[in-house]
């Protein structure tokens, strides 16, 4: 009787250990489904990426590696530079200032509708979840209440976020 219960305990511990190892390490993943390469840093060493050149890959001929070009500045003519062929000068206008934009628009402030959509919360509270899955990073079916149909809310569920009926 004792040996049988001992074997049952050993099997239970092996199964639990396997589940924890899979959840913590994610040893194998299906090809093409969210696989990411992770750089491991060793104490005293930098990341390995980009140290060795691949054969046949070198700097482009005629390109200076020390100086980086700003794409905006590269398009603007110098103040003393003449206009190119086919370009007419406007009287009283400096050709250098003519190519600068009048007003710069902040891309974050240009999208207030999206910001309001994400922050929209529906009334009610999420149901309490008693049991959770063991996945380290479970997949989410929604990110905000706005993505859920009707009165449903985006809540933390059994395994990741999902649309649920509120309390």
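Including glycine, each Cβ sits where the backbone N, Cα and C put it.
What you see is a predicted model, and the numbers here were worked out from it, not measured in a lab.
Residues or ranges marked as region '12 X 6 AA tandem repeats of [GSAL]-[QEK]-[DGLP]-[APSLQ]-[VGDFI]-[KR]' by Swiss-Prot: 44-115. Marked as region 'Disordered' by Swiss-Prot: 46-104. Annotated repeat '3' per Swiss-Prot: 56-61, in sequence order. Annotation source Swiss-Prot lists repeat '4' at 62-67. Among the features that Swiss-Prot reports, repeat '5' is placed at 68-73. Sequence annotations record features per position, and here Swiss-Prot assigns repeat '6' to 74-79. According to Swiss-Prot, the compositional bias 'Basic and acidic residues' annotation covers 79-91. What Swiss-Prot lists as repeat '7' is 80-85. Swiss-Prot lists 80-101 with the feature repeat 'SVP-1 clotting 1'. Residues or ranges marked as repeat '8' in Swiss-Prot: 86-91. Annotated repeat '9' per Swiss-Prot: 92-97, in sequence order. Positions annotated as repeat '10' by Swiss-Prot: 98-103. If you look up Swiss-Prot, you'll see 104-126 marked as repeat 'SVP-1 clotting 2'. Residues or ranges marked as repeat '11' by Swiss-Prot: 104-109. The feature repeat '12' is assigned by Swiss-Prot to 110-115. The domain 'WAP' annotation in Swiss-Prot covers 119-167. The disulfide bond annotation in Swiss-Prot covers 126-155, 133-159, 142-154, 148-163.
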What's the CA to CA span in angstrom from residue 154 (disulfide bond) over to residue 133 (disulfide bond)? 18
Which ones are near residue 142 (disulfide bond): of the disulfide-bonded residues 126, 133, 159, which have a Cα within 10 Å? none
How many other Cβ atoms sit within 10 Å of the Cβ of residue 155 (disulfide bond)? 21
Fewest other Cβ within 10 angstroms of its own Cβ, chosen from the disulfide-bonded residues 133, 148, 159: 133
Please count the residues of the domain 'WAP' (119-167) that DSSP assigns to helix (H, G, I), strand (E, B) and coil. 4 helix, 10 strand, 35 coil
Tell me, how many other CB atoms lie within 10 A of the CB of residue 142 (disulfide bond), whichever protein chain they belong to? 18
In the structure shown, with every protein chain counted, which of the disulfide-bonded residues 126, 154, 163 has the densest set of Cβ atoms within 10 angstroms of its Cβ? 154
Between C-alpha atoms, which of these disulfide-bonded residues comes nearest to residue 133 (disulfide bond): 148, 155, 163? 155
Could you tell me the C-alpha distance between residue 148 (disulfide bond) and residue 155 (disulfide bond) in angstrom, no decimals? 10
Cα distance (Å, whole number) from residue 126 (disulfide bond) to residue 163 (disulfide bond): 10
Do you know offhand how many angstrom separate residue 159 (disulfide bond) and residue 126 (disulfide bond) by C-alpha? 14
